[in-house]
Structures are given as structure tokens and as C-alpha cells.
Amino acid sequence: MYKKIKLRDQQISELINLESKRQNSQIELIASENYASEDVILANGTSPSNKYGEGYPGKRYYGGCTFIDQIEKIAIERVKKLFKIEYANVQPYSGSSANAAVFAALLKPGDKILGLDLNAGGHLSHGYKINFSGMFYSGISYFLDENELLDYDAIEKIALKTKPNLIICGYSAYSRKIDFARFRQIADKVNAFLLADIAHIAGLIAAGQHPSPVGYAHIITSTTQKTLRGPRGGLILTNSKEIAAKIDKVVFPGIQGGPFFHTIAAKAVAFKEALEPWFKEYCAQIVKNASHFASEFIKKGIRIVSQGTENHLFTIDVLSSYNLNGKQAQILLESVNIITNKNTIPNDTLSPFVTSGLRLGTPAMTSRGFKEQEFSQMAEIIDFVLRKKELNALEIKEIKKKVKILTKNFPIKKSYWP
């Protein structure tokens, strides 16, 4: 899809073109990555990039906001329709910015945040000590059970003991469905706010492929670039008028200045795409592909965290299955043009810079048209590479040839419209 560009800045032009070539020629299995449509990318590089406009539609601190006001209003209305919710803020620059806004709106410094342990699939911004969320707030962790599943009774016990001010559900490497209703019960018992961080599963929720937190979570945050297939950015949703007012005040003037109107325009385009019937079909295929992909490894005797998946991702325990750490596995696969990421697993004994796991996701290659058959091929290739550990020149050449055939047969698409 990506056309060669020619800038007067030849150095940057060449690097952009090399990155486009890399994306076209490699298999992308990082669960948090996707391919935005050409419409989204074009909208993200247009004239609203030049416009400054602190504040909200109709209440800006600058003149000349007639059209950007309309753009932001459209983005808000579309995302509200998409998630069937009353209030939305589309200004956050990222998912972490959205989380920071929620904490600042609802908590005081030192208040307690209860989130999933990072090794078990949580996120840095859910109270981890080296992140702002753990520096300014008191992070407390809950864990998975012996089957590597959420143990709601155990989470409730931790909540009753520690009395958190905010409980977070929503993860970066958890492959099972989340019971938002049960989480709300727990939150209510300790008078805590419930935040659903749906950054990874937002598209699946919008398409009906995962239960929605709307009606259960007091507040919802997300990115827009993962399963929503939009530009890089964040958003905040709620049904509470009171919470919405607090959020708006914190996003601006609390933690951000002028919004990125070019990105808000691109978000609006992505939300329109996500409202189409074919987006539901796409998300259904993501889930089918992930389930099939994981089952192919399980058939080969490979250990998958929680023994499968119900969403778009899963994590292989490469240490016990292949006697490799996650970093080694990632490097090996990249040598044959398959892009993945090392990832911690529950109770990981290795550092986050090495890890025992390898996370795999299906959104990006499903965007290119992969179905179960292609993911069967990927499982065969990945299993072969990781079992071999050291590939000779001929093996590397042969695998790269197979990858090249797949990427040529399934190029990055300009548009997802039928």
C-alpha cells in the first residue's frame, strides 16, 4: 500500500521508504500493531496539523476553530455510537495519557491502584513502580491462578484487605475474556472506582467479539491504533456526567495543551470504518485466527499461557517449550522476517528485558487477509525455527522465500471498504 515518498529531506525520505518496505515485506505478529487504512493515514497528515485550539468545541482559547470544532464533534459522536456510551473525550495523545488523566481526575497522590501484576499480563501504567502510575500512586497487584486465569474471588480478597481507590481491569497480554460485571461487584464492595483499560480489545468490543465494560466500569480508556485500526492515540469513555466533567478538566488544562487535530480527524475516520458491518467480520476473523493459531502450537505440545485464547493474542512459554528465552526467540524470528515481541509470563523467573515468553497476535495479518490456513503455515514455520535454534544459510533462505510468498500474496491494503 505505502507509496514511495520523495521529500526534500532525502535522509528522512529514504528512512520512511525503508520502513514502508519493511512493513510490506515482513510478517507482523505483534499483538499491539496493525495497519491503518490509507484514509486514516492521509487524514493524519493533513492541514489540521497546523491548527492550535486549546479547549473543547465551542470553548476554545483561539480563533479560527470552526472546522476543527466540527471534526472533533464528529469524532466524539462516532465513538459514542460505536461503544453505545454517553460521554467521550478524544483528545488524549495516547493510552497512557488517557490513564494519567483518569488517575488525576479521580485520585489523590498516594491513593491505591489495584491492577494485574506486570509479569502476568498487566501494563506499566497500571501502578508499576517505575511508571508515573506507581511513582505518584500506590500500586498493588493481583495475580492469576494456577491455570493462569483471573481468580475473581482472590482479587476480591486482595481488594477487601487493601481497600484500593481504583481497580483496573484490561491488560496487555491476557488472552481470556474479562468478566466486567464481577469486577464491578468487587469495586462496589470496597467503594472503589472501576477502570476498564480496553486498549488491546477495543475493536473486538465494538464488534461484539468480547463483552463490553459499558454499564459496569465507571470509566473506560483505550488506544485507537490496535484492534480499532486507527491512528496512534487515546480516548476516554464514561456514562457518568460528573466523571466526564472531571475528565475534561484534567485532559485540558490539567495534563495536555493543544489537541492533535490531525490525529482527531484520523480517529474520526477510523471510527466510521469501525461502525461498518465489514469491521465486525474482520474482528470475528481476528478471534478465529488467534484461536486456530494457538491450537496449532498446542497440537505440537507447545505450552501456551492459559492453554489458549479467546481474543486476539496469546503467549508462548518459549523457555519451557523450546529452551529459549523470549529475546532469543524474537531475534531468531526476525532473522527470517517474522516480527514478534518477547513477553513476560506469569511468575516469570527471567527479567523483562529477556523474558520466558513470546507474545503473538493476529490483528495485523488478519488486516492483510490471513485466515486459518495462513496461520497454520505460520505455526509450522515458527515451530521449525524455534526448534532448530540455529539456522544455516540455506534454511534462512528457504524460510525467507516462504515469507516473501505470503507477503506478496497478502499485501498491505490501501482500503478495507468492500
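Cβ coordinates come from backbone N, Cα and C, glycine included.
Look at Swiss-Prot and you will find Leu118, Gly122, His123, Leu124, Ser351, Pro352, Phe353 tagged as (6S)-5,6,7,8-tetrahydrofolate binding site, backed by sequence analysis. Under DSSP, Pro352 ((6S)-5,6,7,8-tetrahydrofolate binding site) is assigned to coil, being neither helix nor strand in the three-state scheme.
DSSP gives Lys226 (N6-(pyridoxal phosphate)lysine) a coil state; it is part of no helix or strand. Annotation comment: Swiss-Prot describes Lys226 as N6-(pyridoxal phosphate)lysine.
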Local Cβ density at Phe353 ((6S)-5,6,7,8-tetrahydrofolate binding site) - other Cβ atoms counted within 10 Å: 9
Between Pro352 ((6S)-5,6,7,8-tetrahydrofolate binding site) and Lys226 (N6-(pyridoxal phosphate)lysine), the C-alpha gap once rounded to whole angstrom: 22
Residue, out of the binding-site residues Leu118, Leu124, whose Cβ gathers the largest set of other Cβ atoms within 10 Å: Leu118
